[in-house]
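Going by TrEMBL, these are the annotated features:
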ACT_SITE  ASP122  active site
ACT_SITE  ASP140  active site
TRANSMEM  12-33  transmembrane segment
TRANSMEM  69-88  transmembrane segment
TRANSMEM  95-112  transmembrane segment
TRANSMEM  132-156  transmembrane segment
Amino acid sequence: MNQHPHKNTRQFGLFAVVALSVLTLSQAIGYWVNETIPLHSSIEINPFLFFTHVRNHGGVFGLLQGQGWVFGLFSAVLLGGVAAYLRFGEALARAEYLCFGLIVGGGASNVLDRLIYGSVIDFIDVQGIPYWHYVFNTADVMIHLGIWPMLAIGLWQARGAKPETP
């Protein structure tokens with residue numbers, strides 16, 4: 001337990017601002033897609049990028065279609081747990097709060113999509129990549145922008161850690 005209850009306040013503020021900004025941006029773009037691009041229609045941005053309005057009623061990469069509520073419930077509980085840990089757990093590096101803000105904001109946006117629309121609005125459709133047929137959204141991009149640096153930070157920290165001796 002954090003013995004200094006105010007130690008994480010500033011860093012948690014960074015996390016909260018990033019998470020809420022990502023949530024707001026992702027929801028605004030999803031709303032625009034929903035109102036502007038008819039379902040299953042595409043707008044060509046360039047020969048490799050299309051905005052194609054599709055709905056994901058399942059989980060990541062469209063797995064378990066029709067079971068989106070399971071992912072929504074699991075995600076909501078997980079996101080709440082992460083936020084509580086960041087507020088009351090051991091202090092982390094500033095970059096980790098930033099990364100968690102991207103991840104939680106993106107995850108919260110996908111959960112909110114499920115609550116509002118009954119599915120996640122996906123639209124970013126990259127063409128010309130062999131065996132790639134996935135359409136994703138702004139929230140997914142933000143989640144990845146948070147996950148990959150977190151993995152790099154973890155690997156970097158693990159390299160610097162010395163093994164415990166018995």
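Glycine is treated like the rest: Cβ placed from N, Cα and C.
ASP122 (active site) sits 9 Å from ASP140 (active site), taking the C-alpha atoms as the reference points. In this view, ASP122 (active site) is surrounded by 23 other Cβ atoms within 10 Å of its Cβ, with every protein chain counted. If you look at the transmembrane segment (12-33), the same-chain residues 6 or more away from its ends with a CB under 8 A from one of its CBs are 51, 53, 83, 86-87, 94, 97-98, 100-102, 104-106, 108-109, 112-113, 121, 123, 137-139, 142. Counting only residues at least six positions away in the same chain, the Cβ atoms of GLY106, ASN110, ASP122, ILE124 sit under 8 Å from the Cβ of ASP140 (active site).
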